[in-house]
Amino acid sequence: MDSTISNTSKLDKPVSLIWGCELNEQTKTFTFKVSDEDKSEHQLALRTVCLGNAAKDEFHIVEIVPQAVEGSDAKPVPIATLKPSILPMATMVGIELTPPVTFQLKSGSGPIYISGQHVALEADYSWAEEEEGEEEVEEEEEEEDPESPPKPVKRPAASKKAGQAKKKKMEKDEEESSEEEDSPAKKGKGRGRKPSKK
C-alpha cells in the first residue's frame, strides 16, 4: 500500500482504496489479507458481488470461510447466490470485515467479481502526548492568573407593562385625592342607603 499522502494527513482521515477479486473455476478461493508488519487497523467493506458476462446460466454461491479458531466449529457463511437469468448482481450493505477474510465459490463456474472498499486507519498515539502538553500549559496559566472576584448577580429589570400599570394606578390615586380636596362635602341623604320604612 504505497501512498504519497503525508503522515499527518493519514492521522486526519483514513486511507480508503477500492478493492476487488475474481472467483472462477481455476481460482475457487481468495483470501484478503494484510502484512503482519503493518500496524494500521484494516477493514474491508463489501459493496457488490456480480457475475461476469461469460458466466453460465447456473446458480453461483459465494461464501465467506471463517478463520480456523481453536475450539471453534464455524461453518462457511453464504453471502450471495447469483444466476445470470434471475439475479446477476447483489449489493452488499453493512458487511464490514476485518482481515484476513477468505471468499469461496461454493458452486458454479464463475466468473464472479467481488468488490468493496478497503479502509486503513493508522494507529494514532500522538493524542496522549498532545493532551499531556495541553494540561501542563493550562496548569501554568492557572498559576499565573490570580483568582477573579465573583461577579455580582444582576436583578432582572421590571417589565414595561408592570411599570405602566403602576404609573396609571398612582395617577388615578392622585386624581381621586385631588377631587376630594377640591369638592365640598355633599349633604343630604346618604347615597347607596336604603330608605327607611315609615
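Backbone N, Cα and C define each Cβ position, glycine as well.
Taken from Swiss-Prot, the feature site 'Interaction between pentamers' covers Asp57, Lys83, and the record attributes it to similarity to another entry. Residues or ranges marked as compositional bias 'Acidic residues' in Swiss-Prot: 127-147, 173-182. Per Swiss-Prot, region 'Acidic tract A2' is recorded for 129-147, and the stated evidence type is a curator's inference. The motif 'Bipartite nuclear localization signal' feature in Swiss-Prot is assigned to 154-169.
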So, three-state DSSP: helix, strand or coil for Asp57 (site 'Interaction between pentamers')?
coil
Cβ neighbour count (within 10 Å, all chains shown) around Lys83 (site 'Interaction between pentamers'):
15
What is the average pLDDT across the motif 'Bipartite nuclear localization signal' (154-169)?
64
